[in-house]
Each structure stands twice: as structure tokens, then as C-alpha cells.
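S.K.: Next up is a structure, given as C-alpha cells.
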Amino acid sequence: MNKILIAAASSGTGKTTITLGIMHALKKRGLRVQPFKVGPDYIDTNYHQAITGVASINLDSFLIDDDAMLATLFQKHGESADISVIEGVMGLFDGLGIDRDNSSTSFIAKCTKTPVILVVDGKAISTSAAAIVDGFNRFDPELTIAGVIINRVASENHFSLIKGAIERYTDVPVLGYLPKNAAVALPERHLGLVPKEEMTELETKWELLGDLIAEHVDLDRLLAISKTGAKLTVHPPEIQVPDFSGVRVAYALDAAFHFYYQDNLDFIRSTGATLIPFSPLEEREVPDADFIYIGGGFPEVFAEQLAKNKSMRESILAAHEQGKPIYAECGGLMYLGSSLEMEAESYEMVGVFDGVSKMTTRLRKFGYCIAEPLEDTLLGKKGTAIRGHEFHHSVFETTEPTRMKLTKKRDGKIVKEWHGGYQKGNTFASYLHIHFYQNLLIITHMFGAIER
């Protein structure tokens, strides 16, 4: 199994840009590329899929606290590809707290036995780049940097300086560089990169990026490195897949709602259930289904269009009033509230919950947490520990009672506690994003609410 992992010294170094360029260049060579993303991010994975034509898979060692399960999922998705390309998150050793193996890119590299390519920012640096590479290469005796790519290089002369320094003072090969070019920069907004659903002329950007990588990076050497990763010996955990044949699951999928982990959707299908996508933006009513799943996204960007689609809002509210189970995450919670406010405007939403979503100028919640239902809910029974991730620039102001206690820990200590999650009838919504493979009984529990 050929595999590489693209890591960096820190966020903002150009890791995503380099990764996308490599994926495009390899695909242009006729290779089937299986993309992966370390961590819980949804937007990078959308970009990966746009370029490779293959669904990108999240590898998150906090959301899935089971090394064997992570390795199994990696092997399962990568075994039919010509090469697996993993994009890291933050800096190589950054994770939860100061433990270099706690939810970090380096841990995923070791768990999957994947060679690491380090992206180094070349802006305003020369010989000091060698110190960065040397430090990263020595930091963890169990991990070796297999190659380096330099980003934001001013000229061939500049690249020669950096390459010469790294290869003189370390034994890590420099595979090439990406020159400074504003045309390949990726636009950002409050949740990170702007999703592909909202960007035009993407193909032109990808084409240019892929051509630059093909011109300035030694892809043959990179492919040779991808063959050096140790063979992954997988011991798949025993999985009891429940039988939900005949169950119809309608899930919101459009430019406003598209934050889903591919493995979550795949697992639902593996139970025999049928997934039916629908658009709260474009369609008049929710499809005939036994269960409704509304993931996260950017409802605030499309608030006016969502508000104008009154028939869809009424359709979802009617499904709730009929007792149909509805599960919603983050943007889905905002949609199920009574209204969404932004820039002095108020937009009517579905109205399952009596609450107002208000956009904020700063990040309100960010990071991993463990949720514990305070009573039996659609998400889980009272006291069940559920791992999740929150990341939002909004607050949900409501008098509805909260149904979960959420705890954020760092290095074994509780650093924050709060309450969230709302249940009314058979509808549950919260800001929490979860991965079903942490505990496959989550789906068994949620689908157990379906009248069959």
C-alpha cells in the first residue's frame, strides 16, 4: 500500500495548498488517489474529493479512540488506491494538550505507518529552514521525516539556498518547492477555508496548482518514498452491524448543509438503510423517510434562501410533530431553531426549538469535548460518554432545557465545562459533531426511535 502524509511545522504554512497540488498532479498522471484528512475538518475533505473524485476520509484519534479501528478504516479505504495521501492538521506534533501523541498528526503517521513529508514555509528564510527540519526530524525517535517541500519560494535562487542548507545540515531530502503565486491562494472565512460549493472557477485553480507542483516537485521521488512505509498489520475489531434494512434516512445535502463524515454515511448504508439526500435550499419538502439527519454547514450564508423556502421548513416541522426522529448537528441546530440573526437581519427558520441563532465576531467554541447526556436522548442514553468536536461562530439563545453536560480536558485536567444539546419529542440537536465509529451502538440507539 503506497502512502504519504503531508505535515507542516504549524498551521498557515501551506499544507493544504501543497496537498491539493500533489493530489491533482498525481491524478493527472493517471493514479487513483485516496485522500485522507487528520482531524475533524470537513472543508479540506470536500476539496480533496473535488480534485480526486474520491470521498476523503477523516482520521481522528480523539473522535475514534481506538487505534485498531483507525488502522482498519485506513486500510479499508486505501487498499484499492494507487496511493493514499493524508493531509495533516496544525503542526506535526500539535494535538490535545502537550502530549505529542494525543490526537496529533504524528500519532496518525505512526498508527498508519506512513512516511511524512514536511512542508516548510520558505517566506523570508534560508539556512534557518535547516534548523526547523533538523528539530522536527529529531523530536520523536519513532518518527522520521522522509522528505521536505518548501512553500512560498521567491525564486530559484531562494530555493537553492534553502535546499542547500537543509541537505547540508540534515539527512532529509528536499523534494522541491511551490513558488509564491497569489492565483493558487485559497480564500477563507470564519470556519476556515471557503467550501468548494461556493467557489467558482475551481478547476482553473486546481489545474494551475497541479502544474506548479508537477514542475517544481520531484514526483517520482515522492512516489518512491510512498513505497517505503512499513506494511500495516490490521487486527480489525469485531463489529456487530445492526440490520436496518428497509429504513429510509433523509439527509440534508446542499451548499448550506454538507458537513458529514464519509464513514458515518457508509456505516448507515452498511446496516441496510437507504440514504436519501435532499436540499433544504431547493426542494419543496423533505422526502418520505423514517429518520431525518441534518448535518452542519453554513446556514448563515444562505439564511435568506432557507427562510424563503417555507414549504420545506413546514415539511420538517410537520415531520417533527408527527414524532419522526430528527438528528441535527451544529448548522442543523441553527436551522431547527425559530430564527437566525445576522447583520441586523432576522430570518425565520424551522421552529422545532424556541431559540435564536446569533452570529458572533469571535469563535465561541472550538475543540474536542466529551458529552454526557443528563437523561435519555436520541443521541444516547443517560450517562453515555460521547466524544465530539465543536467549532462555531454563533450562539443559540434559548430557554429550552439543555440535555447534555460537555467537558473539555487537556493533559488530564478539566479546563472547561458547559451544557448544551436540546431534545423535544424525537428531535435532538446540538453544536456537537460526532463520529459513529467511536461507538457503533449510537446508530442502533438512534434508529431504535423509529416506529417500525
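Along the chain as shown, the residues are counted starting at 1.
Cβ atoms are placed via backbone N, Cα and C, with glycine included.
What Swiss-Prot records for 248-441 is domain 'GATase cobBQ-type', and it gives sequence analysis as the kind of evidence. If you look up Swiss-Prot, you'll see CYS330 marked as active site, nucleophile, on the strength of sequence analysis. Summarising the annotation, Swiss-Prot assigns site 'Increases nucleophilicity of active site Cys' to HIS433 and lists sequence analysis as the type of evidence.
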S.K.: Provide, as an integer number of angstrom, the distance between the C-alpha atoms of the residue listed as 'active site, nucleophile' and HIS433 (site 'Increases nucleophilicity of active site Cys').
M.R.: 7
S.K.: With DSSP assignments reduced to helix, strand and coil, which class does HIS433 (site 'Increases nucleophilicity of active site Cys') get?
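M.R.: The three-state answer is strand.
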S.K.: Long-range same-chain neighbours of HIS433 (site 'Increases nucleophilicity of active site Cys'), Cβ under 8 Å, sequence gap at least 6?
M.R.: PRO40, PHE259, GLY296, GLU329, CYS330, GLY388, HIS389, GLU390, PHE391
S.K.: Indicate whether CYS330 (active site, nucleophile) is helix, strand or coil by DSSP.
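M.R.: DSSP call for CYS330 (active site, nucleophile): coil, neither helix nor strand.
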S.K.: Let me know how many other Cβ atoms fall within 10 Å of the Cβ of CYS330 (active site, nucleophile).
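M.R.: I get 28 for this one.
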